[in-house]
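Annotated features in TrEMBL:
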TRANSMEM  21-40  transmembrane segment
TRANSMEM  60-78  transmembrane segment
TRANSMEM  87-112  transmembrane segment
TRANSMEM  162-183  transmembrane segment
TRANSMEM  190-214  transmembrane segment
TRANSMEM  234-255  transmembrane segment
Amino acid sequence: MQQNRIYSKVALDMFSVQLIWSLWFIGFVLLAQIVMVIISINTGNNIGDFILFSHGSTKIYMLVIGIISSYGFLTFYVNHGITRKDYFIGTAIAALGIAIALAVIATVITALEYGLIEWFNIPVSVDKTVTENVINSSDNSITIMLPKAIVSSSILVHSSSWIVSLLMYILNTLTYYVIGWFIGVGYYKYGWVIGFGFIASSLVFLITGDLLWGTELGEPLSNWFAFQSVNLPLWGSFVGSIILIALILVLIRALTREISIKM
């Protein structure tokens with residue numbers, strides 16, 4: 001019972017801290033979406049809805065706070081008598097909680113977005129299929145400028161169901177969190193030189209995660225492989241993502257089991 005209370009306290013503590021960060025993050029993304037709506041009203045161009053608009057930047061955000069979870073929390077907790085196991089379990093639970101919270105918040109904002117547009121008859125067209133990676137007015141589409149490998153791989157364009165989109169959002173952003181955590185642990189344990197190898201491994205995880213959802217490989221990756229995409233049934237994509245997350249967590253646990261704590 002004592003052990004359960006310890007890792008649950010770690011989970012609650014990390015979730016609380018990261019939720020505050022996340023609310024600030026969502027606020028900035030919402031502000032950017034409002035700017036896009038204003039531009040769309042004045043130009044007549046289409047925009048992606050909030051859940052799609054936020055998805056690319058949320059993946060980057062989760063990757064970053066996943067990295068921070070190593071450097072920002074591991075030393076603190078172990079130095080305060082928390083075991084590495086409790087840190088690991090607590091962080092994993094907190095990561096899932098943050099992924100769920102961000103997905104729910106994005107879904108609620110999206111529902112409000114559609115409701116307000118209809119209620120006030122706002123002259124803006126919301127298009128869930130907008131996935132280009134530049135602000136473009138010539139083809140009647142507007143979205144935020146972000147790296148193509150991140151934005152163009154948004155899996156949400158494959159779903160027309162709110163529930164499925166919510167689950168996709170959770171799994172995809174959680175994948176990015178644990179990948180960031182994996183990178184952070186690698187650098188924390190082995191330093192910068194070997195740490196670059198963890199970045200390379202993480203790229204493989206990122207590509208695998210996107211392929212599981214049917215995302216096509218872009219150049220130059222499409223030139224290196226005999227295939228450009230993997231077609232799986234929806235349940236296969238869900239199961240594959242869960243297995244990928246579990247695999248990365250197993251690797252993180254192995255790395256942190258006896259990791260030396262930096263002072």
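Placement of Cβ uses the backbone N, Cα and C atoms for every residue, glycine included.
What TrEMBL says about a protein is an automatic prediction, not a curated fact.
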Q. Is it the case that the transmembrane segment (234-255) and the transmembrane segment (21-40) have 3 or more CB pairs under 8 Å, with pairs at least 6 apart in sequence?
A. no
Q) What else in the chain is close to the transmembrane segment (87-112), if you only count residues 6 or more beyond its ends and a Cβ gap under 8 Å? A) 6-15, 18-19, 22, 26, 30, 49-51, 54-55, 58, 62, 65-66, 69, 73-74, 77-78, 162, 165-166, 169-171, 173-174, 177-178, 181, 249, 252-253, 256
Q) Same chain, outside the transmembrane segment (21-40) by at least 6, Cβ under 8 Å from its Cβ: which residues? A) 46-47, 50, 53-54, 57-58, 61, 65, 98, 101-102, 105-106, 109, 113, 122, 124-125, 142-144
